[in-house]
């Protein structure tokens with residue numbers, strides 16, 4: 001049965017409903033449970049980080065469709081992402097554990113499929129998280145992040161990250177078009193469709209689909225709210241709130257940021273040209289030109305990029321936080337090599353070894369991306385498609401194998417849960433295909449879309465490891481009470 005969404009009284013002692021539910025699921029409380037609903041929201045919101053995601057892939061949206069893909073594609077991707085988030089929130093309410101997705105799959109896939117379902121989901125989830133961190137983070141920043149994560153002020157830095165992202169978006173969406181001496185018309189922003197992509201693609205539908213990647217890449221990482229549930233007060237209620245609010249607020253603020261920046265776009269080919277001052281990095285050139293044309297110096301634009309750089313730092317910090325909790329939970333259930341080492345908790349109730357491991361692996365993966373566009377594209381592919389596959393699996397099990405056995409928690413979608421779940425699964429299946437299509441013609445080793453290769457490689461390794469070894473010893477989540 002679902003547990004109450006409020007703190008309940010057990011004799012004369014108040015028992016947190018999330019902690020009570022965790023015990024029912026077979027786990028003892030090892031992590032410090034002191035995060036508020038805002039702190040839980042903050043970690044997911046900071047990983048989504050519209051400043052990070054939009055800035056990173058704005059060139060993609062501008063190249064494939066331009067304003068139309070940016071302005072309307074954002075709402076399309078955002079709307080379907082909300083379906084995914086709602087389904088995840090419903091399951092999170094029932095199973096508020098740090099394991100998150102892989103634990104959900106184990107509980108919903110049925111006894112026979114539980115070990116393989118949790119194994120497969122878990123590795124796609126954890127590698128996808130590493131890829132997210134890799135695509136935004138580098139060595140010195142990671143070292144600072146580890147120090148913060150091992151401190152006793154994690155909740156404060158999580159909240160600071162969310163506030164920085166919110167204020168940063170508001171600042172830039174107002175400042176940049178206000179400073180710019182030349183601004184695009186409303187007609188251009190809301191109706192112009194850029195077909196001049198230089199990649200040999202002429203179909204408008206195809207172009208629009210490719211432009212969606214920017215939006216979908218940005219709107220990911222909100223599983224952090226699930227991974228932080230063992231540290232969140234009343235997690236069976238506040239975990240779902242964290243997921244849904246992070247997505248919803250990101251959609252609203254992200255659209256505002258896109259509008260503000262796009263109103264400063266007047267010459268798409270020049271912004272994408274490698275011959276401009278920013279070497280073809282569109283947003284950097286937009287910021288630089290806005291200040292240079294008005295004040296004769298582009299220093300103000302560089303300072304604005306500093307605002308984004310700090311948001312990227314916070315995004316990496318939150319990613320490492322979420323990832324370390326996933327490592328902690330996955331090793332607690334014996335799924336990782338040297339599991340006994342990674343799920344140790346220090347005196348501050350922080351999974352210290354899991355934090356260091358997450359930062360180290362992300363750093364090693366980042367090294368492969370230095371100077372290699374192919375490697376970076378592989379990281380982005382796994383961070384987007386690989387992670388969304390992990391999102392979709394427990395939802396699929398909830399609406400199929402676990403449809404009759406699923407017991408909802410305090411947050412649930414009622415009779416709409418199955419419908420919302422199927423929409424979420426179909427959307428993930430759709431983007432998995434669409435984002436695997438070629439992004440340039442003719443297809444060569446330099447223009448090949450490496451998404452199928454990267455995700456297929458992860459699939460091969462995960463399944464092979466299971467067949468050769470893991471099926472003999474991994475039995476799925478185990479209790480520690």
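A Cβ is built for glycine as well, from the same backbone N, Cα and C atoms used for every other residue.
TrEMBL does not curate its annotations; it predicts them automatically.
Within the listed segments 295-316, 317-338, TrEMBL records transmembrane segment for the stretch 295-316. TrEMBL lists transmembrane segment for one of the ranges 10-28, 162-180, namely 162-180.
Under 8 Å from some Cβ of the transmembrane segment (205-222) lie the Cβ atoms of residues 44, 47-50, 52-54, 56-58, 60-61, 63-66, 68-70, 73-74, 76-78, 81, 85, 88, 129, 132, 193-195, 197, 242-243, 246-247, 250-251, 254, 318-319, 322, 380, 383-384, 387-388, 431, 434-435, 437, 439, all in the same chain and six or more residues away from its ends. Panel annotation: around the transmembrane segment (413-437), residues 80, 83-84, 86-87, 90, 206, 209-210, 212-213, 216, 381, 384-385, 388-389, 391-392, 395-396, 398-399, 403, 449, 451-452, 455 of the same chain, lying at least six beyond its termini, place a Cβ under 8 Å from a Cβ of the stretch. In this chain, the transmembrane segment (243-265) lies apart from the transmembrane segment (295-316): fewer than three C-beta pairs between them fall below 8 angstroms, excluding pairs fewer than 6 positions apart. Counted over residue pairs 6 or more apart, the CB atoms of the transmembrane segment (113-132) and the transmembrane segment (295-316) come under 8 Å in fewer than three pairs, which marks the two as apart.
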